[in-house]
Structures are given as structure tokens and as C-alpha cells.
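Asks: My questions will all concern the structure given below.
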Amino acid sequence: MDAWVRFSAQSQARERLCRAAQYACSLLGHVLQRHGASPELQKQIRQLESHLSLGRKLLRLGNSADALESAKRAVHLSDVVLRFCITVSHLNRALYFACDNVLWAGKSGLAPRVDQEKWAQRSFRYYLFSLIMNLSRDAYEIRLLMEQESSACSRRLKGSGGGVPGGSETGGLGGPGTPGGHLPQLALKLRLQVLLLARVLRGHPPLLLDVVRNACDLFIPLDKLGLWRCGPGIVGLCGLVSSILSILTLIYPWLRLKP
């Protein structure tokens, strides 16, 4: 199995390039349709998108083994929340790839009796569950980092003898004893949390990249499952952005979120 995992890893770059091209075609097709391009040109773009999708399915054959190996490694993580989110995400990815393999067999003619609509819905359902777990993991890591950053800021303020912004020692408008002061205090706390979030994400590019990539990918299964119709333009744009970010993590491995 290890040999197969290494082999499938070598095809990741080609698969992600095909993915970027596929969603670029989806976006281009939407733009051409909006601008009244010739039906023949639109048909060619749709055919190219379909060929790229089928090619990606071929490149993903056996990726279930890679996902299962990743799940086996994640089981040994010491953090319970990370262990749960990452393991469940990889297991859903394995099921997604398995459904994708069945779809490839149906589209390529090897299994013509396959109900492609049913298997496509199954694959997107597992894909959606995987993305939800990924975003849950991102939210958990962000919360941990924000708590660490907040504690560090508090220690620095205590060391310098400064007060905590928006604390009980602040008087005047917005103080706890001032009528209507709770709303300004809430706004100040919210602003501080947003600034803290921005600082955390700016200081951790892999986490920022992972959040944006998963958020972009989320639109794809939501649209395909009919849970939130975004349209081919939004799906194409989000898929293209996500694919470019995935390619960046291959070119620059330090941008990949670990574990």
C-alpha cells in the first residue's frame, strides 16, 4: 500500500492542474454565455470541461488508499479535537474517492449500468462532510491561537503596567456605570476580537490558506447537492481559487497546514 500511496502522490500536481483548468472552463463558459458567445464555442468549452473532469477521475484512482493511510496517522494525534476532525475528514475523503472511482467506471463505459446521478450525489455528500470537518478543525486551531495571543497580550500589558482596553477601569462614555454603555463595550470587544483574528491569520499563512481554500470548496458540494444554488460562475470562480491555492501548497510545502 505504501508504494501505491507514493505513486498517487506523484499524480497530485497533474490532478490539481487539471482541476484548475476544469473550473477555469466552467467560469469561462459562464462568462461566454452571459456575453452571448456562439453556441458552438460554448459547446466546445463544455466538452473540454467534461474531458478534464473525466481525466481528473482517472488521476484520482486509488486515492482512497492515500486517504485511509492519512486517517490511520491522524488516529495517533494527542489532541482529541484534532484527532476527531482530521480522522473523520480523511475517512469521508476515502468514501468520496471510492464513489468517484465508481463514477469514472460509469462515465468511461466500463460499468454502463451505474446510476451516475445517484453516485454523484453520494460523492458530493461525503465531500461536503469532509469540508465541514476541515473547517471545524480550522476554527478550533484559530480559537487556540487566539487564546494564546490574548494571553500573551495580557501578560505584556501587565508587565508594562497598562490596563486592559474596555475594562472596568475605563471611565466616561461606555463605562459599565454609564447608561447605554454596554453597546459601546460590546462593539469594542468585537473590534478587538476581529483585530486579534486578523493578527492570528496574518501570523499563520498555512492556516489562512486552508481556511480560504476550504471555504471556497464548500460552495461546490452545496451547489451540486441543491442545498444552496450558487450558479456555474460562482462555482467556477471558487473552484479555480481553491485549485490555485492547492497548487501553491505543492510548490511551497511550508504553506501546507500540519498535522
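Cβ coordinates are placed from backbone N, Cα and C, and glycine is handled just like the others.
Under the heading N6-acetyllysine, Swiss-Prot lists Lys43. Residues annotated as region 'Interaction with PEX19, PEX11G and FIS1 and peroxisome targeting' in Swiss-Prot, with similarity to another entry given as evidence: 211-259. Annotation comment: Swiss-Prot describes 234-254 as transmembrane segment, evidence class sequence analysis.
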Asks: Just to be sure I understand the packing, how many Cβ atoms besides its own are within 10 Å of the Cβ of Lys43 (N6-acetyllysine)?
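Replies: I count 11 other Cβ atoms within 10 Å of it.
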Asks: Could you give me three numbers for the region 'Interaction with PEX19, PEX11G and FIS1 and peroxisome targeting' (211-259), the DSSP helix, strand and coil residue counts?
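Replies: Tallied per class, the region 'Interaction with PEX19, PEX11G and FIS1 and peroxisome targeting' (211-259) gives 37 helix, 0 strand, 12 coil.
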Asks: Helix, strand or coil by DSSP: which one applies to Lys43 (N6-acetyllysine)?
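Replies: Where Lys43 (N6-acetyllysine) sits, the three-state DSSP reduction gives helix.
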